Amino acid sequence: MTVTVATLGFPRIGPRRELKFALEKYWAGKIGEAELREAAAGLRTAAWARQKALGTDWLPSNDFSLYDHVLDLSVMLGAIPGRYRAAADGPADLGTYFAMARGKTGAGDGCGHAHGSVTAGEMTKWFDTNYHYIVPEIEPGQTLALGRLKIVEDYREAKAQGYETRPVLLGPVTWLSLAKGHGVDPFDRLDDVLALYADILRGLAQAGAAWVQIDEPILVTDLSERQRLAFTRAYARLARTGPRLMLTTYFGGLEDNLSLAAALPVAGLHVDLVRAPEQLDAVLKAAPKGLLLSLGIIDGRNVWRADLDALLARLEPVAATRDLILAPSCSLLHVPIDLALEPKLDEEIRQWLAFAVQKIAELDLLRRALNDGRASVAEPLATAARAAAERKTSPRIHDAGVQARLAAVTPAMRDRQGSRAERSRVQAEVLGLPPFPTTTIGSFPQTADVRHARAEHGRGHLDDAGYEQFLREETARAIRWQEEVGLDMLVHGEFERNDMVQYFGEQLSGFAFTIHGWVQSYGSRCVRPPILYGDVSRPAPMTVEWWLYAQSLTDRPVKGMLTGPVTILNWSFVRDDQPRAASCRQIALAIRDEVADLERAGCRAIQIDEAALREGMPLRRRDGQPYLDWAVDAFRLSAAGVADATQIHTHMCYSEFNEILPAIGAMDADVISIETARSQMALLEGFARYRYPGEIGPGVYDIHSARVPTEAEMVALMRLAQHHLRPEQLWINPDCGLKTRRWEEVRPAIAAMVAAARRLRGRG
Ligand code: GLN
Ligand code: ZN
């Protein structure tokens, strides 16, 4: 029996983020379309060459995208909403594509209105990853028709260079499941969509493709009857059309959908054995003899080196009975490209890691061990085994002090002392705030000066003292301005922070950082998640000095600003050798220490941001509540150590709050600020229905737009808020993200916001 290696998809952005820079130059008009396409083609060629050299048998094509692979497919199917057709210079050209991706500003008319401007498609998270796709839209009555067949072009491009590839195509059921239908169920269009898929597959067959990787990650979620029926119908039709289909599932186990998937008339099935290792036996039992199995055994979502011996022990009996493909659990899109680009990483930590390139090398090793025997690769296997063994015991990872502290956590440590009502009474006394108190979410503009100073400091051109002095001046200016404009609760401005997670990760033990470990978040935007490798502790206070300095400049309360444990966890690569919940609890204890130190220093209001709490929700409904339980628990552990008089704030970004309202209530924060400016306060309905007991600051200023809102608009929004909540519950603040705006926009907007609050107070 033979074992081969597939990769499912390679990072697109390039080892030095070449795609990002080419896109930005193109958008800025500095290069033309030809140059952009040339840069993209260069990246594709390099990716094929790299994967081939590393030993990939099944090279992917069409995994590359200029912006987003879901958008590529929508455009290929002609799902282009009318608003873009009107704004387009031609049919589905690059201009239309980027208008759908990022919106387009037309020519201004001098009074703030733009002609020919069009908003971007909605962007949302790709399953439970940090990658964002553009939500497909199908308008009522919209004609779907094939546009340029990018997938066929990419296949031919590879072939012309001597690479035989297996094109990657997002499957019809997943695409329809992600689509929004503007009042109509996208599945009403199933047959139209299938006709187009059949044409695409025929086109690929004509071009010579023997196999197509058809991705249906929706198969690892709870499916409706309509989705199940669609699977049967779709694959009955597509499986006969041309190339053989490798039905590819990832981000979880098939579970109750296994019999459905195994019965589809496809030629191959890829399963995720990293998220769901236990499904192997069931898959083997359900898979017909002729079905080619692709086993996702290397983690495509995380950065750890695999335990190859353990994997071989599982794979050897399987490989003895059938042909196998070995693959990462999912596309390698979600991990950084190459560990070799990280010369500064600690050597001990480095040996535990594997990025995309190293993961393919692991697959190659496993294949050789299975095809030619372990002895053929004895040495690299021994190295991997040594790394795995050291990781199990290294004192870099395992800290007895942290373990002891965790063991000593009692349930009472998650509870505040007084009831919400008692707390609210003492806090009112201590803080003495007016009705409708005004505040902001934490950051102020990260101007070119701020970024420049940080970069100079990073390069060593600006010494610590000089940088510190610069930041102090920025902070002092921000405090002075907040007093002048009349805000009630101030913030220091977060000028010293590069990123709300990285800033804390850098000061906690147990985290490592990369230089080039970028992962695509959306389009040209990349993030560099910290790597949480070991037990977490806080060697020293992280924010107290900055808070003390800011508070020393004013008599008004300055909020302490922290990032919460769940958000730090969700935006990092985390340990795979213990449950996420355990890592989260460790971070919570570290934040709890910081909260205690802030309180001791005299801080009367502490905000613990949980921007990413909602997005950590698992894909299966039944896993939702257990996740929320430990997430809320961790937040409470971080926050509840304070006296009743200390006001705990939290903040959450725009998200579907309704299903998690009980959890938000259970966090027991005294004040929560949320993003609502775009929703006309509709989000507050849920809070009202649920009788949310705490204080709420619904955002009244949509900071995502350069537009400065008027006092009247914000008064109107706050009156809407009062339809849902009692006036005593309400705070007034903007949405989050002031760091992305300019001072020229922030100053008048916040001044108008303060004026709005005064007007509301005047009328009582
Ligand atoms: N305190 C952070 C800020 O204001 C919160 C950012 C966020 O919610 N994403 O920038
Ligand atoms: Zn936010």
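Even glycines carry a Cβ here, placed using N, Cα and C.
Note that the structure is a prediction, hence the values are computed from the model and not measured.
Taken from TrEMBL as is:
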ACT_SITE  HIS704  active site, proton donor
BINDING   ARG17, GLU18, LEU19, LYS20, LYS125, ASN130, ARG525, CYS526, TRP571, GLU615  5-methyltetrahydropteroyltri-L-glutamate binding site
BINDING   ILE441, GLY442, SER443, GLU494, ASP609  L-methionine binding site
BINDING   ILE441, GLY442, SER443, GLU494, ASP609  L-homocysteine binding site
BINDING   HIS651, CYS653, GLU675, CYS736  Zn(2+) 1 binding site
BINDING   HIS651, CYS653, GLU675, CYS736  Zn(2+) binding site
DOMAIN    6-320  domain 'Cobalamin-independent methionine synthase MetE N-terminal'
DOMAIN    436-758  domain 'Cobalamin-independent methionine synthase MetE C-terminal/archaeal'
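Mapped onto this structure are the features recorded in TrEMBL.
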residue	record	Cβ contacts under 8 Å, 6 or more apart
ARG17	5-methyltetrahydropteroyltri-L-glutamate binding site	TRP518, CYS526
LYS125	5-methyltetrahydropteroyltri-L-glutamate binding site	TYR131, HIS132, TYR133, GLU615
SER443	L-methionine binding site	VAL491, GLY493, GLU494, ARG497, CYS736, GLY737, LEU738, LYS739
ARG525	5-methyltetrahydropteroyltri-L-glutamate binding site	LYS20
TRP571	5-methyltetrahydropteroyltri-L-glutamate binding site	ASN130, VAL501, VAL527, PRO529, PRO530, ALA612
ASP609	L-methionine binding site	ILE441, GLY442, MET500, MET561, LEU562, THR563, GLY564, THR567, THR650, HIS651
CYS653	Zn(2+) 1 binding site	ALA611, ALA612, ILE674, GLU675, CYS736
HIS704	active site, proton donor	ARG678, ASP735, GLY737
May I ask you to report the DSSP-based helix, strand or coil state of ASP609 (L-methionine binding site)? strand
For ligand 1, which among the binding-site residues ARG525, CYS653, GLU675 have a CB under 6 Å from it? CYS653
Pairwise C-alpha maximum, in angstrom, for the residues (ARG17, GLU18, LEU19, LYS20, LYS125, ASN130, ARG525, CYS526, TRP571, GLU615) that bind 5-methyltetrahydropteroyltri-L-glutamate according to the record: 29
Annotated L-methionine contacts ILE441, GLY442, SER443, GLU494, ASP609, maximal Cα-Cα distance (Å, integer): 13
Those binding-site residues, ARG17, GLY442, GLU494, CYS653, CYS736: which ones have a Cβ sitting under 6 Å from ligand 2? CYS653, CYS736
Using an 8 Å cut-off from the Cβ centroid of ILE441, GLY442, SER443, GLU494, ASP609, can you name the remaining same-chain residues around the L-methionine site, in sequence order? THR440, VAL491, MET500, MET561, GLN607, HIS651, CYS736, LEU738, LYS739
According to DSSP, TRP571 (5-methyltetrahydropteroyltri-L-glutamate binding site) sits in coil
Using the Cβ centroid of HIS651, CYS653, GLU675, CYS736 as the reference point for the Zn(2+) site, which residues of the same chain not in that list have Cβ within 8 Å? ILE441, ASP609, ALA611, MET652, TYR654, SER673, ILE674, GLY699, ASP735, GLY737
Per DSSP (three-state), LEU19 (5-methyltetrahydropteroyltri-L-glutamate binding site) is helix
Tell me the Cβ neighbour count for GLY442 (L-methionine binding site), meaning other Cβ atoms within 10 Å of its Cβ, over all protein chains shown. 26
Counting only residues 6+ apart in the same chain, whose Cβ is under 8 Å from the Cβ of LEU19 (5-methyltetrahydropteroyltri-L-glutamate binding site)? ARG12, ILE13, ALA39, ALA40, LEU43, LEU66, SER524
